[in-house]
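Enquirer: From TrEMBL, for reference:
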- B:T201: active site, nucleophile (ACT_SITE)
- B:T164, B:K190, B:T201, B:E286, B:N418, B:T423: substrate binding site (BINDING)
There are 2 protein chains.
Amino acid sequence: MQVSVESCFKVLPRGGVASPRGFRTAGVVAGLKSSELPDLALILSSVEASVAGVFTKSIVKAAPVLLCENFLQDTKGRATCILVNSGQANAATGEEGLRDAFDMSDIVASYLPETSPNQVLIASTGVIGKRIDVSLIDKALPDLIGKLGNSDEHNMDAARAIMTTDLVPKYISVEWECKGQVVTLGGMAKGSGMIHPNMGTMLSFLTTDISISPSLLRLLLQNAVDKSFNAITVDGDTSTNDTVLIMANGLSNVTVEPNSPEMELFEKALTWCCEHLAKSIARDGEGATCLMQVEVTGTNTDRDAQTIARKIASSTLWKAAVYGRDPNWGRILAAAGSAGVNFDPSQVSVWLGEYHLMKDGLPLSFDKAAVSEYMQKAAEAKYLSGMDQVNVYLKIGDGSGYGKAWGCDLSYEYVRINAEYTT
Amino acid sequence: MQVSVESCFKVLPRGGVASPRGFRTAGVVAGLKSSELPDLALILSSVEASVAGVFTKSIVKAAPVLLCENFLQDTKGRATCILVNSGQANAATGEEGLRDAFDMSDIVASYLPETSPNQVLIASTGVIGKRIDVSLIDKALPDLIGKLGNSDEHNMDAARAIMTTDLVPKYISVEWECKGQVVTLGGMAKGSGMIHPNMGTMLSFLTTDISISPSLLRLLLQNAVDKSFNAITVDGDTSTNDTVLIMANGLSNVTVEPNSPEMELFEKALTWCCEHLAKSIARDGEGATCLMQVEVTGTNTDRDAQTIARKIASSTLWKAAVYGRDPNWGRILAAAGSAGVNFDPSQVSVWLGEYHLMKDGLPLSFDKAAVSEYMQKAAEAKYLSGMDQVNVYLKIGDGSGYGKAWGCDLSYEYVRINAEYTT
């Protein structure tokens with residue numbers, strides 16, 4: 001299951017959405033945030049690109065989500081750019097909010113001669129129930145377009161401009177060889193932690209220079225999102241604005257056909273990038289001191305394994321135990337048992353890191369101090385170093401099912417952040 | 001929907017499982033808890049009773065749950081007593097634990113000449129993965145049986161003996177007139193808050209002197225549990241030991257037939273008692289400063305309304321906002337939208353107490369300080385006074401569906417309790 005990244009891909013840790021050929025990006029201060037931090041980003045392809053999106057399953061969808069769904073249907077999955085604002089989510093804003101979103105596309109198109117409004121996708125994140133001041137966007141656009149570029153700084157600026165309460169910007173790119181060409185995939189994301197009221201949106205944008213049909217791109221994106229963004233949980237809540245968009249502009253001249261070796265490699269790269277961004281989001285969960293990775297094997301299906309893994313990663317009791325560095329396997333077992341998946345409890349084994357805590361449904365004796373220290377070390381490891389991760393491993397039976405999920409611990413800080421803010 | 005208790009029933013606030021005719025109870029210190037607090041209770045009917053049970057849906061079931069399911073099938077729903085211990089949950093104890101549970105039934109039966117072992121039901125709560133020292137139960141039983149009685153003190157003693165980390169014992173009874181006879185229903189419960197590791201079990205025991213078939217009793221109990229214990233959420237986790245048992249010994253000489261007026265009255269009493277005990281458990285959630293009641297109307301079905309109500313009552317973001325006395329309707333809306341129930345967001349209205357926060361999907365302006373003060377007053381109200389409750393009300397549409405759920409706020413204390421304990 002595990003992709004050995006090094007053997008297939010070259011990771012560019014400071015790359016991002018402008019790394020693939022023909023993409024440029026920028027992030028500026030438009031004045032939408034009272035903090036006067038960057039709040040507007042644009043991702044622009046020099047040629048029309050195939051586009052696919054995965055959106056929130058919430059019944060309460062923000063205006064930009066409705067716009068994207070509408071445009072992607074209109075254009076059959078083609079676009080040239082994505083405008084992203086932070087500050088206001090443009091959710092619970094009714095008909096007026098929807099008009100604002102369409103106005104934003106119109107404004108961007110008016111600055112880009114060869115782009116029609118329905119080729120300008122929009123994403124928003126921030127406070128719910130407040131309208132966006134569209135005149136500020138109009139005012140900021142010349143500056144934003146003037147600053148477009150494809151350096152490491154451009155990737156970082158864009159990633160910063162989409163942040164709300166994230167502590168760190170999240171961006172990455174990978175490149176690999178395919179049919180004698182170098183192809184590149186870049187991405188950025190902002191977190192799902194809901195600090196300030198209603199700012200809890202997970203946004204991610206990916207770009208690549210492969211050539212691919214919108215329908216195949218849609219399929220591969222959905223698979224990658226299921227294994228990554230849908231496998232993280234900070235507090236179990238779903239936002240009105242959650243959006244993942246990918247653009248593929250074909251400028252590498254490498255075409256990805258269904259079930260080809262090129263597709264397999266691209267899918268691995270896409271899944272790896274999405275997992276990397278998803279883990280960055282989980283690690284940056286509100287008040288989190290460490291990342292938690294849960295792997296489940298031995299179920300009948302992958303779906304069953306992932307369901308159990310997600311249940312454990314989102315158990316507030318187990319999350320609090322991780323914060324307390326308490327190897328309390330009973331909470332892992334209780335979460336697994338309540339996931340709605342059938343299994344034989346007398347076959348369950350549980351590990352924390354290298355430590356075997358339970359075998360065939362019965363507790364083993366283990367060195368509690370050593371396991372607790374293992375957990376503490378994860379919290380003391382450098383942020384996003386790869387070591388700041390507590391590994392939970394469950395073997396449920398003899399099936400071939402495998403699933404993975406990520407979460408973070410539950411700290412005082414989570415409660416403070418979410419309780420002390422006053423709307 | 002709301003039963004006006006006063007008009008139908010007389011509530012006996014210090015009554016309990018020994019209030020109905022022919023029932024006696026007691027609680028003693030058997031030494032199962034290191035704290036030397038009471039840890040063993042018995043509920044005994046003077047004649048064989050109809051019995052029904054609702055058990056944890058977790059795939060990981062504790063030994064006493066397996067024993068109860070086994071005995072209820074054996075006896076077709078007949079029993080004379082229930083033995084309950086706190087201290088150890090007898091879960092994740094394998095074959096040996098199952099043998100311990102059966103031994104406990106044998107021991108009780110050996111002290112009660114006319115009772116066979118399969119008429120002795122067992123429930124346990126406490127630490128997972130530790131065996132019960134059955135010799136301590138054998139030693140304590142003469143004292144326990146000698147102390148059986150039906151006074152207010154006996155009801156309280158039994159309710160105390162089943163507590164683990166509950167702050168207050170939870171017990172109640174109601175009586176009403178039926179065909180010229182007084183009939184009585186009593187109950188007690190312990191909480192679902194999981195403070196110490198793996199002690200998070202919801203147990204409730206009910207007794208009545210009506211005459212009813214086990215199959216009808218099972219049906220009515222399941223309905224009442226769905227509206228009460230299944231509608232509370234402290235942290236969303238399900239225990240290995242969750243159990244609700246009801247005994248009906250017929251000594252009032254009032255028989256409840258299907259779809260009779262007597263059944264209707266009994267069902268109301270049963271639902272009210274279960275709701276009262278369930279709310280007591282939610283209010284006593286770990287670190288909780290107030291109870292939260294969520295009512296949802298206007299869905300197509302009651303099930304839809306209850307699904308949405310439960311999603312809101314269990315949203316950690318909204319729970320943290322309640323702790324912060326922050327009338328953050330966006331979090332209510334986000335939770336409702338992610339409940340998996342279809343509705344039209346532009347028809348949603350939200351109230352907190354008397355305050356109307358949102359209408360037809362759009363935010364209203366309201367006096368935030370006043371709403372915040374309303375929430376604060378709930379936290380300052382006397383514990384379980386009925387005033388220590390924040391009321392959330394959602395109108396989703398024009399359907400006739402109605403549902404209710406209860407939860408508590410999420411405080412620093414929850415995290416402290418769950419993180420700082422070391423196994």
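From the backbone N, Cα and C atoms, a Cβ is placed for every residue, glycine too.
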Enquirer: Applying a 10 Å Cβ distance cut-off over all chains shown, what neighbour count does B:T164 (substrate binding site) have?
Expert: 25
Enquirer: A 10 Å Cβ contact count, applied to the recorded positions B:K190, B:T201, B:E286: which residue has the minimum?
Expert: B:E286
Enquirer: Three states by DSSP: which one describes B:T164 (substrate binding site)?
Expert: coil
Enquirer: The residue listed as 'active site, nucleophile' to B:K190 (substrate binding site): how many Å between their Cα atoms?
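Expert: B:K190 (substrate binding site) has its Cα 8 Å from the Cα of the residue listed as 'active site, nucleophile'.
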Enquirer: According to DSSP, which of helix, strand or coil covers B:K190 (substrate binding site)?
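Expert: For B:K190 (substrate binding site) - judged by DSSP and reduced to three states - the answer is strand.
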